[in-house]
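Okay, so TrEMBL annotates it like this:
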- 43-50, 94-98, 154-157: GTP binding site (BINDING)
- 8-19: compositional bias 'Basic and acidic residues' (COMPBIAS)
- 35-204: domain 'Era-type G' (DOMAIN)
- 227-311: domain 'KH type-2' (DOMAIN)
- 1-22: region 'Disordered' (REGION)
- 43-50: region 'G1' (REGION)
- 69-73: region 'G2' (REGION)
- 94-97: region 'G3' (REGION)
- 154-157: region 'G4' (REGION)
Amino acid sequence: MFISACHRTGEKSSNDKTQMETTEGVEVYNNPDHRAGFVSIVGKPNVGKSTLMNVLVGEKMSIITSKAQTTRHRIMGILNGVHEGVDFQLVYSDTPGIIKPQYKLHESMMEFVQGSLEDADVVLFVTDIFEKHDDEEVLERLAKTEGAVILIINKTDLATEEQINEKIAFWKEKLFTAAIIPISALKQEGINTLFTAIMECLPVHPPYFPKDELTDKPERFFAAEIIREKVFLNYKKEIPYSTEIIVEEFKDKKDILVIRAVILVERQSQKGIIIGDKGTMLKKIGSAARADLEQFFGKKVFLEQYVKVEPDWRNKVQKLKQFGYES
């Protein structure tokens, strides 16, 4: 159900600089009808943003777990195609869930969200059908964006039609300028309606990236994310949130990809938990990560992992810069 049309709060110029930077050396695109734009996916933690990102791009760009705050970076996924005879390029951004920061790491994560909103031609505000109505911090950020806002009610496969209609009515009153689209990202229901709504809001513009690019992130980044996903899936409580993955070596040889990674934790006790009795847990996540790495990169992978302790790394600006959270 597409409740209302595309609305903008103002004319945007923030992408002009990005276009000049990213099109240098790129093929000249002479199609005057080509559409391109940045689509920011935002919302609170655990509402299904990363699942939606992967569905929209058609590739697994973002790791997915049942734990909140799995996404820490702004991850771009680029989709090129033709819609109703019009060439387009959509630059999706999956972003961390919007929270009140408790660590400097969280502050950096919220800066990724803000940067994504400032760039956005279209904002996909993702909510959960059963989410409590405590989105004031998100709404404050949305009020400042100049992009078109599409509100998404996700996980509708778990709800009744009455519950969906009640949620639509609530959001129509709360955020009346937005298009409202109920979907199930997991079941891929409502995605075609959502895609049509995005295309209606997409400006005429040459492509921002070469047509064969899928993302702005290097291969090392995805290797680290795949390993971090296994940490999130296999450990509980504070362990996943205290962990960072550093890929120290990434060598693409003829027949094998060699990856050496450090699993960084904050306390010695956490190191012992990560390794497990006689190394069983470290072997378990290594085996699971290797299988996904081989599928992702399409070749055999040699994966070596080490565990190191870096006390309170989440509050150290220099470390956050080293790990790509600070510019």
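Yeah, the Cβs are placed from backbone N, Cα and C, and that goes for glycine too.
Automated prediction, rather than curation, is the source of TrEMBL annotations.
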Would you pick out, from the binding-site residues ASN46, THR95, THR156, the residue whose Cβ has the largest number of other Cβ atoms within 10 Å?
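Checking each of ASN46, THR95, THR156, the winner is THR95.
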Considering only Cβ pairs under 8 Å, which range in 43-50, 69-73, 94-97 makes the most contacts with the region 'G4' (154-157)?
43-50
Which residues, given as numbers and ranges, are at least 6 beyond the ends of the region 'G3' (94-97) yet have a Cβ under 8 Å from it?
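For the region 'G3' (94-97), the sequence-distant neighbours (Cβ-Cβ under 8 Å, at least 6 residues beyond its ends) are 40-47, 49-50, 53, 61-62, 68-69, 71-75, 77, 109-110, 112-113, 116.
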Six or more residues out from either end of the region 'G2' (69-73), which same-chain residues have a Cβ under 8 Å from its Cβ atoms?
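For the region 'G2' (69-73), the sequence-distant neighbours (Cβ-Cβ under 8 Å, at least 6 residues beyond its ends) are 45, 49-50, 62-63, 94-97, 99, 105, 109, 112, 217, 221, 229, 232, 241, 324-325.
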Count the other Cβ atoms sitting within 10 Å of the Cβ of ILE98 (GTP binding site), across every protein chain shown.
20
What residues, ordered by sequence, lie under 8 A Cβ-to-Cβ from GLY43 (GTP binding site) and sit at least six positions away in the same chain?
LYS49, GLY97, ILE98, PHE125, VAL126, THR127, VAL138
For the region 'G4' (154-157), give the DSSP counts of helix residues, strand residues and coil residues.
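Looking at the region 'G4' (154-157) with DSSP, the answer is 2 helix, 1 strand, 1 coil.
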What does DSSP assign ASN46 (GTP binding site), in three states?
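Assignment for ASN46 (GTP binding site) reads coil.
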Return the count of C-beta atoms lying within 10 angstroms of the C-beta of LYS49 (GTP binding site), excluding that atom itself.
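Excluding its own Cβ, LYS49 (GTP binding site) sees 28 Cβ atoms within 10 Å.
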With DSSP as the yardstick, break the region 'G3' (94-97) down into helix, strand and coil residue counts.
0 helix, 1 strand, 3 coil
